[in-house]
Amino acid sequence: MEVENVDDAHVHKRNISQIKNKKRRLEEYLKLKRAKQKLKRQAQKKRRKEAEALGENAPPKREPRTIENTREPDDTMVQADDEEVQLDEAMDEMAAYFRKEYVPKVLLTTSDNPHSRTIKFCRELKQSIPNTDFRWRNRSRIKKTVEHAIARGYSDIAVINEDRRHPSEFHFNIACTYFVHKCAATSARFWHHFSFPCFLHFHDH
């Protein structure tokens, strides 16, 4: 149904929330919506005609309002093209890793004395992650395992933990060298800060 002779002031003054009848309220809402759409089309048509009449002297098109162009400037935000930031990123010890200048090599291990279910899962996981080697933990501490991995050229380390003799957590750190430089405390702190737990459910078929 077309809305004729749309009055801008009349459209904005109508308050349909005061209508108690649900059906009539819906009808009025749809009518109001159509009226607003018609007003919008009329305004666009008017602006187009004015732009055509003015030619090169026409005002620039209005930019749509977005989250980006309406956001208030924040001094705490860092811009991507900031020279200091770019210099820091270039000198960062992890820069080569994130620029993918070498092929990652992953050491996959487990918690101590793993169950056969966990071993089976690790072997399947080894087939899924390229350039991965599976090694036994042999009761060594996580720090020693990481140092062992670095000495043999591994870039990453993944550990599968168990809960009630089932594989339950997959801990994966971005680069094992990060551990040696940044973490001088316990392995628990290492996993808390530099890995994410991924809870997996493994069942025998």
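Backbone N, Cα and C atoms are what each Cβ position is placed from, and that goes for glycine too.
Annotations in TrEMBL come from automatic prediction, not curation.
Copied over from TrEMBL:
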{"type": "COMPBIAS", "residues": "34-48", "note": "compositional bias 'Basic residues'"}
{"type": "COMPBIAS", "residues": "59-74", "note": "compositional bias 'Basic and acidic residues'"}
{"type": "DOMAIN", "residues": "104-205", "note": "domain 'Brix'"}
{"type": "REGION", "residues": "34-74", "note": "region 'Disordered'"}
As a quick check of your reading of DSSP, tell me how many residues in the compositional bias 'Basic residues' (34-48) are helical, how many are strand and how many are coil.
15 helix, 0 strand, 0 coil
DSSP assigns the residues of the compositional bias 'Basic and acidic residues' (59-74) as 4 helix, 0 strand, 12 coil
